[in-house]
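Visitor: Among the features that Swiss-Prot reports, region 'Hydrophobic' is placed at 1-26, with the record citing sequence analysis. Look at Swiss-Prot and you will find 32-91 tagged as domain '4Fe-4S', backed by sequence analysis. The [4Fe-4S] cluster 1 binding site feature in Swiss-Prot is assigned to C49, C52, C57, C74. Positions annotated as domain '4Fe-4S ferredoxin-type 1' by Swiss-Prot, on the basis of sequence analysis: 108-137. Sequence annotations record features per position, and here Swiss-Prot assigns [4Fe-4S] cluster 2 binding site to C117, C120, C123, C157. Among the features that Swiss-Prot reports, [4Fe-4S] cluster 3 binding site is placed at C127, C147, C150, C153, with the record citing sequence analysis. Here Swiss-Prot flags 138-167 as domain '4Fe-4S ferredoxin-type 2', drawing on sequence analysis.
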Amino acid sequence: MNAIWIAVAAVSLLGLAFGAILGYASRRFAVEDDPVVEKIDEILPQSQCGQCGYPGCRPYAEAISCNGEKINRCAPGGEAVMLKIAELLNVEPQPLDGEAQELTPARMVAVIDENNCIGCTKCIQACPVDAIVGATRAMHTVMSDLCTGCNLCVDPCPTHCISLQPVAETPDSWKWDLNTIPVRIIPVEHHA
């Protein structure tokens, strides 16, 4: 019985010693991240879709900050994200990249044919923004307001019941061009 307690104590002391060494090493040799990269990464939509030419949002943020990559390549984020990054970096806003511009006018969302869905959860695992809900062996559905249209859920589906469809434009989703209507400011005099 004494041998068991000695072994337990020895393993516990070794675990404590190695934990202390790892804790010290993590603080001593810590590498600080670039705060600009962190801020750009927070602005990006985190869809990890790869439409910008990078494998995810973090590598694209690093390329913008460190390599001077264009700020207009995020198709899911569109113009709103580009304007926020331009404001953060204090640079001139750029028109959307040609590839991104082609993708942004017709916003696409995933639609699941629920009659053919077998509930395998492969689409849920593939979705980077958790826009698909459902349980194992039950039909799944897409929350269209969260879907970025990244197309990552289509290929894993074994029954091919997922397709991307354009979102119908409404007054809320329409991109209004406010520069086409000239607006003149009329001074108002207040009389007391």
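Placement of Cβ uses the backbone N, Cα and C atoms for every residue, glycine included.
Mind running through what each feature is packed against?
Guide: The average per-residue pLDDT of the prediction over the region 'Hydrophobic' (1-26) is 93, rounded to a whole number.
In the three-state DSSP scheme, C49 ([4Fe-4S] cluster 1 binding site) falls into the coil class.
Residues 45-49, 143-144, 146-167 of the same chain lie 6+ residues outside the domain '4Fe-4S ferredoxin-type 1' (108-137) yet bring a C-beta within less than 8 angstroms of a C-beta in it.
Listed in sequence order, A110, I112, I132, H140, C153, P156, C157, I162 are the same-chain residues six or more apart from C123 ([4Fe-4S] cluster 2 binding site) with CB atoms under 8 A from its CB. In the three-state DSSP assignment, the secondary structure recorded for C123 ([4Fe-4S] cluster 2 binding site) is helix.
In the three-state DSSP scheme, C153 ([4Fe-4S] cluster 3 binding site) is classed as coil. When Cβ atoms from all protein chains are considered, those within 10 Å of C153 ([4Fe-4S] cluster 3 binding site) total 23, not counting its own.
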Visitor: Which of the binding-site residues C117, C120, C127 has its Cα closest in space to the Cα of C49 ([4Fe-4S] cluster 1 binding site)?
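Guide: Nearest by Cα distance to C49 ([4Fe-4S] cluster 1 binding site): C127.
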Visitor: With the [4Fe-4S] cluster 1 site defined by C49, C52, C57, C74, which remaining residues of that chain have Cβ atoms positioned within 8 Å of the Cβ centroid?
Guide: L44, P45, S47, Q48, G50, Q51, Y54, G56, Y60, R73, A75, P76, G77
Visitor: Which number gives the other C-beta atoms within 10 angstroms of the C-beta of C147 ([4Fe-4S] cluster 3 binding site), all protein chains shown included?
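Guide: Other Cβ atoms within 10 Å of C147 ([4Fe-4S] cluster 3 binding site): 22.
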